[in-house]
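The feature region 'Disordered' is assigned by TrEMBL to B:1-21, B:549-576. The domain 'Cytochrome oxidase subunit I profile' feature in TrEMBL is assigned to B:31-536. Summarising the annotation, TrEMBL assigns transmembrane segment to B:40-62, B:88-110, B:131-156, B:168-192, B:213-236, B:256-278, B:329-352, B:395-421, B:473-496, B:674-696, B:716-737, B:828-846 (among others). Per TrEMBL, domain 'Heme-copper oxidase subunit III family profile' is recorded for B:596-847.
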Amino acid sequence: MVMARGFGSSVPLQSGIVPRGSRAVVFDSIFEVFLLLGTLVGVVVLGYMLYNAYKYRFGSGNGDFDEADRLTVGELPTGGGGGRKLFTSFFMSMVIVVSLISWTYLTLLYVEEGPSAEDSLHVEVEGYQFGWRFTYPNGHTTDGVLRVPADKPVRLTLTSADVFHNFGIPALRVKSDAIPGQETETWFTANETGTYTAQCYELCGAGHSFMSAEVIVMPPDEYEAWYESTNGTQSSENTSAIHSADTNALQPTAPANAGRLTEVVV
Amino acid sequence: MTDTNPERTDGGTVTDDHGHDFPGTGSIKRWFVTTNHKDVGILYIVTSLFFLVLGGVLAWLMRIQLLVPRGPGETILGPLAYNQAVSAHGLLMVFWFLSPFAFGFANYIVPLQMGAKDLAFPRLNALSYWLYLFSGILFGVSFFQGGTFSGGWTMYAPLSVPTFTPDVGASTAVLALVLFVASVTVSSVNFLTTMHRMRAEGLTLRSLPLFSWTILLTVWMMLFAFAALLAALLVLSSDRLLGTTYFAMESPAGALLWTHLFWFFGHPEVYIVFFPALGVMAEVFQTFTGRRIVGRKWFIIAMVLVAIQSFAVWMHHMFLTSINLQVKTLFMITTIGISLPFDLMVFALIYTMLKGKIRFTTPFLFVFGALLLFIIGGITGVFLGAVVLDYEFRGTYWVVAHFHYVMVGGVTALVGGLYYWFPKMTGRMYDEFLGKVHFAIYFVGFNLLYFPLFVAWETPRRVFDYAPELAPWHQLATVGGFVLGLSFLVMFYNLFKSAFVGDPAPDNPWEYAHTAEWAVPSPPPLENFDGTPTYRNGHLEVIEAGEIAPRRDRSDTPAGSSVSADGGIAASSKTAVSTELPTVESTAVEGPSHASIWPFVLSLGAFLVLLGLSPLQEAAFPSGMAGAAYATTAVGGGVVTLGSLVAMGLEPFHGPVFEEGEAWPFSGIDNGKVGMWIFLASDVVLFGGFIGAYVFTRFAFGWTGWEPIPSDPIPGLVNTYILLTSSFTVVLALVAAEKQHKGALVTSLGATFVLGIGFLVNKGLEWQHLFHEGIWLSTNVRSSTFFLTTGLHAAHVIAGLIIALYLTARAWRGAYLEDSRSVEYFGLYWHFVDIVWLFLFPLFYIL
Amino acid sequence: MVSTKLYTAIYAVLFVSATIQVLVEFAGLNYWLAFGVIMVLSAAKAVLVAAYFQHLRFEPRSLTYLVSIGLIAALALTLAASYSLL
Ligand code: HEM
Ligand SMILES: [Cu+2]
Ligand SMILES: [Cu+2]
C-alpha cells in the first residue's frame, strides 16, 4: 500500500495535493487551506457588502431606481432583476464549496482506512465517570495514563462504562466518541516524544471539566522496555494524581452522583 | 355588541375594540382572555424577552466562571451548577426565547400579510401561548427541585436518565419541554391551516410576502421535527418517571437511539430558529433599500429545498460515533447540499442593495449586521462540513462560536424586526438615535464576545478548565458578553418609553414598505381590515362587506363531503386539538368572539399535572408528605384540564368570518378537517418515532433473537377485532348523522365507546397477567418497548374515549344531526388510532 | 358516496385478514417470509381504513400527500438509523 508509507515516518509525507501523514499533519494542512480561503471569501464578500451599502446609501445619488417603479404598499410581491449576477455568484460559491469538500473527502477515506493492523499498536480505551482506562494487548491496564511509542501508529478502540464520553488528544488531533454498548475506532501517530493531555469532549457529568488523562509518548526502545516490564500483569499504574484530586474535589458538590458512581462503574 | 347584522361583522369597523365582554387593551383581564392574534403576538414577544433575560443571566454566570481556567475547588458555580447553567441557557435560549420571539412576529404579522382577520383557530392560538408560558414556568420551577437538568441542551443519553441525573428538577425540565412541544404542535396545526386556507383572494402561495413564506416553511418543519422530539422526550420521560430502559446504559444502542431521535429533530430546529430571521432580513432589506428582492422566485425555491433537506442531514452531528463510512459519506453530501441554497439567499440579499437608496435606520442596521454575522457563521460552518475537520472541531469552542454566530445572528435580525414592526404594534415611533446607539453597542459587544471564541477554539465545550494560554481570549469574550447584554438596556428603555410617549406612527412610516400590514392603521383594528381584503386586481383592495356576498357559495363546497352549518366542536387528543369552526351562518347570530378564559385554565391544568408527576421514579411517588402533595397536584391538575376541555367544547365561540380566497392545496376542505389531518400527520411522526425506536433497538439487539413480550398473541388479536369493530361503528355513526338518524347516531357512538372500554379492559387484563409473571416496564428493554409503545397507543384510545363520551352525550341531546363534522373529525382520529394498532399488533405480538 | 354495504364488506375483509396474520404466524413458515406476508397484510389493512373509513379516496389528493410526508419522514429515520448500525 502506497498510502501506508506515511504512517510510521516522522517526516510527514505529502503525496501530491491530498494531505497524508499523521492526524496532526492532515488536520493542520486542511485547516490552513480552509482558514485561508475562508478568510479570503469572507473579506471579499463582506467588503463587497460594505462597499455597496456605502455606495448606495440614501442621498448618495448612486441609486437609480425609477421612482415610478418603486415599492408601493399593498402590491403583490415580485422580484427585482439581477438574476444573472445572482447565478454567477451562486455558481462560483458552489464550485468553491464542492471542490473543497471533495478534496477533503479523499483525506477522509485515508483517515478512515487508517494504518494496517500489523503495523500498529492496539489499545482499548474505556471512559468512565470521570476518567480513562487503557488496556494494552498483553492485558495490562492503566488508569489515567496512556503510554505509546513515538512514530508508531496507535489504534484505539473506544467504549464507555457508563455515559457518553468523547476521548480526544488535541495536540495529536485525534478524537472519538466513547459510547456505552458501542465500539468506535480511531488512530493516531505521535511523532514527537513528550507528555500530552487527553480530554473528554462530551458533557458527562459533574467531573467533565477535569476528565483528562496523560498521554506519554516515549522513545520506541524505552517504550519496549516499559512494555516488557508490565509483563501482562493487571497491575494498575495509577499516577494520575490530578485525577484523584479532581474526584475528591467533586464529592461535596455532587454527592448524589458520586454515591451512585460506584454501583454504576462496577 | 349590537353588531348582529351578518354583513356588518366582517366590515364592521372598529377603530376601538369590540363590545361583547371583550375588555380593552388597558385591562388586565383582556390579556388573560384574549384570542386575538395581535394580542397573542405581543404576549409572545414580551414573554420571550423575559426568557432572554433569564438565559442571558445564566450566560453571564458562565462567562464570569470562564474568565480564568478554574481548578476543581476554585469555581464560582460548582461543577454541577455550571452544567446546569450551560444546559438551562441552551434550552432557554433556543426553545423559550428564540422561537417564541419569532412567533410573536408571526402571530402579529402573518395574518395581516395574508389578509386574514385572525388565525383559523383563535382559541387554539391562545392555548399555544399559555402552554408556552406555563412550560417556561415549569422549567423555572425545576431549578428549585434539587437543581434543573444538567446534561446539556442536547440531553445525550444515558447521562439524562436518573441513574446519572437523579434530581427531580431534571425530570421537571424534561416535562417542561414536553409541554413546550405541545404548544408548538398546537400552533403548527393552527398556522398551517391558516396559511394554506385563509389567504386573500389573488394571494397565491407564490406571491406570499417573504416573511410569511419563511414562517410557512418554519411551521412545516416544526410540525414534523417537533413530533420526533416529542417521541424522544416521551421516551425519556418514561425512562425517568416510569423506569423503562430505552436509554439505560445496558440498553443496546440506547445512547445512539437518543442521538438519532434528537438530531432528527435538532437539525431542522437549526432552520426553524433561523428562517424567521431570514424572513425579517428579506422584508427589511426591501423596505430600506427601496428595491424588490433579487431573484425572489429562487430565494423561495432555495428555502423550500433547505426545508426538505433539513430532514436528511441529521447524522452529520454523529460523525464520531460508530456509524459506518457509507452513511458518513451520504450525510456529508446532503450537508454540503443544504449549505448551497444559503449562498444563493445571501447573494440575493446583497444584490438587492445595488442601485437602491439605502436608509440606515435602526431596523436596517440590525438586519444588515445580521447578514454580516450570518456570513461569518456560514463560512465557519463549511469547516464543520468537512468531516476530517469536524473530527477535530467536535466538542470544541469552534462549534460554540459558529452556532452563536448563526443563531445570535438570527436574533440580531429579529431585534431589527422588533424595531421595524414596533410602530405598527404600538402606534408610536421608537427613538431612532437610541436605536442606533443600541445597534452600535450590540454589534461591538457581539463580535467582542464571539469572535475570540474562534481564536480560542481549542477550548473543549462545556468545561471551565481550559489551557491557561487561552485565558485572554476568554476574558475578551466575557467583556463582550457584558457589553452585548447591557446594550439591551438601551433597547428596553427606548421601547418602553416610546410605547407611551413616542411620536404617533402613521400607517406606513417606512415609505417603501410594501406588505399589507403597512396598509392598515398602526396599531391595526381588532379585525385588521375594514372589509375583505383581496388582490384580485394585482394589488391590495379592501372590499366592503356587502360587495362580496355573492361569492359566499364558493366558500365551502367540499367534494362529496357533508358540510353544513353551525360551529360545533370536534376532536381532541394528547395535545388537545379542539377545533373552532368558523362558519358563515353562525355569525348571523353573533359577532366573532375574541375572548375565552379556557386556554389559560387548560394550560394551568396541564402545568399542574406535569408538576405533580415530576417526582415519579419507577412509577412511584416519593413517600411522605411531599409525595402526597405532588400526587394531589397531579390529580387536581387533571380535573382542571378535563374540566376546561369540556368547558371549551361547550363554550359558544366563533372565529371571525372568512371568505375562502386562495386555499391551495386544501381548497374546498373545511378548516377543521385540514387541521385534523395536519395534526394526524404529526402524530404519524410521533408514532413513527416510537416504532422507529423499537425497530432500531431490536435491530441493535439482534432482530430474531428478540422474543415478543406477550407469550400469547390471542389477547392482541381480540383487541384487533375490537378496534376494527369500533372503527366500523364510528363509520356507522357518521352515516347515521348524515341521515339525521338520532337513534342510530347515539347507538353507534355509544357502541364505539363501549368497544373502546372493552379494548382497555382486555389490555388491562393482559398487562395484569404480565405483571404477575414478573414482567414490568423496567424488566428489560423488550418489555420497555412493549409497554411504552402500546401504552402510548392506549393513551390515544383513552383520549378518543373521552371525546366519544362527550360526543355521545351531545348527540343524545340532539347535536350533530345538522352538522356532522364533529363526528367525522372524531372518526378520522379514531381510525388513525386503529391503523396504528394494525402495525403494533404484528410488531409486538407475533413477529 | 360509499354505501353502508361497502363499509360492511371492508370491515369483513379487515377482520379476516387480521385472523390470517395470526394463522400465518402459527403456520410455521420461514421467519422472514412470514414477516413479509404479515407486514404486507398490515399495510393493506391500513390502506383500506385510510381510503374508505377515513375516505381519503374521495378527498383531494393533497391530504393523502400530507400524511405520506409524515410517513416518509418516519421511515427515513428508522431505516437510515438502523442502516447506520451495520
Ligand atoms: C441569544 C441567543 C443565544 C442562543 C440561542 C444561545 C444558544 C446556546 C446554546 C444552544 C448553547 C449550547 C448549550 C449546550 O452546550 O448545551 C449555548 C452555550 C453557551 N452560550 Fe449561548 N446562546 C445565546 C446567547 C448567549 C450569550 C449572550 C452568551 C454570553 C454572554 C452566551 C454564552 C454561552 C456560553 C458561555 C455557552 C457555553 C458554551 C459551552 O461551554 O459549550 N450565549 N448557547
Ligand atoms: Cu466528559
Ligand atoms: Cu445539523
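Every residue, even glycine, has its Cβ placed from backbone N, Cα and C.
Confidence for the domain 'Cytochrome oxidase subunit I profile' (B:31-536), expressed as mean pLDDT, is 96. If you look at the transmembrane segment (B:88-110) against the transmembrane segment (B:329-352), you find fewer than three C-beta pairs under 8 angstroms, all six or more positions apart, and that falls short of contact. Counting residues 6+ beyond its ends, the transmembrane segment (B:329-352) has Cβ neighbours under 8 Å at 278, 281-282, 285-286, 289, 291-296, 298-299, 301-303, 305-306, 309-310, 312-316, 319, 371, 374-375, 378, 381-382, 385, 387 in the same chain.
Between the transmembrane segment (B:40-62) and the listed ranges B:213-236, B:395-421, B:473-496, B:716-737, B:828-846, the one holding the most Cβ pairs under 8 Å is B:473-496. The list of residues near the transmembrane segment (B:828-846) in space but at least 6 beyond its ends in sequence, with Cβ under 8 angstroms from a Cβ of it, reads 571, 573, 673, 676-677, 680, 683-684, 687, 691, 694-695, 708-710, 713, 716-717, 719-720, 723-724, 726-727, 730, 752, 785-786, 789-790, 793, 796-797, 800, 803-804.
If one looks beyond the transmembrane segment (B:168-192) by at least 6 residues along the same chain, the residues whose Cβ comes under 8 Å of a Cβ in the stretch are 87-88, 91, 95-96, 99, 103, 106, 110, 119-121, 124-125, 127-129, 131-132, 134-136, 138-139, 141-151, 155, 160, 162, 215-216, 219-220, 222-223, 226-227, 229-230, 233-234, 236-237, 240-241, 574-577, 606-607, 610-611, 613-616, 674-675, 678-679, 682. The transmembrane segment (B:674-696) and the transmembrane segment (B:213-236) are in contact, since at least 3 Cβ pairs between them lie under 8 Å (pairs 6 or more apart in sequence).
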